[in-house]
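Novice: Got a structure here, written out as structure tokens. Questions coming.
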Amino acid sequence: MTAADHPDRPDRPDRPDRPDRPDRPDRPDRPSEGPRVILVGPPGAGKSTVGALLAERLGVALRDTDADVAERAGRSVADIFVDHGEEHFRELEAAAVENAVREHPGVLALGGGAVLRESTRRLLTGRPVVFLDVALADAVRRVGLDTARPLLAVNPRQQWRTLMEHRRPLYTGVARVVVATDGLTPEQVADAVLDALEPTRA
Ligand SMILES: Nc1ncnc2c1ncn2[C@@H]1O[C@H](COP(=O)(O)OP(=O)(O)O)[C@@H](O)[C@H]1O
Ligand SMILES: O=C(O)C1=C[C@@H](OP(=O)(O)O)[C@@H](O)[C@H](O)C1
Ligand SMILES: [Mg+2]
């Protein structure tokens with residue numbers, strides 16, 4: 001293995017158009033061939049909801065990695081956490097993200113923890129990634145009582161705050177643009193995403 005092939009070697013954000021790995025189908029030559037928009041952010045940011053609206057507006061399909069994982073595993077995300085643990089879920093999630101980034105030409109909503117993997121963050125380099133930001137109050141109002149999110153099952157305010165302290169730099173690091181969603185309806189957020197991406201869209 002040469003240094004250039006080392007799995008921990010970061011991609012080349014300064015040369016996103018370089019066809020540097022034509023033999024690696026998981027590393028497209030041109031990231032623009034993947035999803036039109038990739039949404040990241042914490043639980044309650046509205047990735048799944050706004051993703052559906054964006055897909056409708058752009059006339060493309062929506063992929064949501066949580067749905068992909070659940071379909072592949074034949075059980076809900078919550079059940080995967082309970083039965084097999086978070087690490088197993090993260091393995092399934094990383095594979096789902098990689099497939100979707102490679103294959104899906106539409107809108108892609110990631111699960112909130114997908115950016116925890118360094119390999120996933122590398123895969124997102126140079127792509128139209130949008131960080132849907134949200135503050136604690138709105139996020140907890142949106143998801144606080146939703147039992148489908150195992151990480152927030154106990155003390156959602158504290159869990160969400162802790163999670164976001166750790167993840168904020170990860171979301172910011174992978175994002176091309178950041179869109180604040182507090183006090184906005186999902187429709188308004190979708191507008192803001194399209195406005196924010198417009199100058200950088202091909
Ligand atoms: N901008 C928003 N304003 C109010 N409620 C929202 C907004 N975006 C999403 N929601 C609601 O918050 C909940 C979580 O949204 P979801 O899209 O599942 O978030 P994520 O996928 O980022 O965790 C849903 O009930 C959704 O209807
Ligand atoms: O933030 C996280 O670690 C998670 C977020 C969830 O997706 P959403 O961000 O769509 O709620 C889901 O993937 C799982 O419950 C773990
Ligand atoms: Mg979601």
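Using N, Cα and C of the backbone, Cβ positions are placed for all residues, glycine too.
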Novice: Check TrEMBL for me: it has R90, G112, R167 binding substrate, so pick out which one of D66, D138, D191, D195 it puts in that same site.
Specialist: D66
Novice: Taking R149, R157, R161, R168 as the options, which does TrEMBL list with G44, A45, G46, K47, S48, T49 at the ATP site?
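Specialist: TrEMBL lists G44, A45, G46, K47, S48, T49 binding ATP, and from R149, R157, R161, R168 it also lists R149.
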Novice: Just jot down the residues in the same chain as K47 (ATP binding site), at least 6 apart in sequence, with C-beta under 8 A of its C-beta; none if empty.
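Specialist: In sequence order, L39, V40, G41, D64, A109, L110, G112, L132 meet the Cβ cut-off.
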Novice: Which number gives the other C-beta atoms within 10 angstroms of the C-beta of D66 (substrate binding site), all protein chains shown included?
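Specialist: Total other Cβ atoms inside 10 Å, all chains included: 22.
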Novice: Distance check, please: Cα of R167 (substrate binding site) against Cα of A45 (ATP binding site), rounded to an integer number of angstrom.
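Specialist: A Cα-Cα distance of 13 Å.
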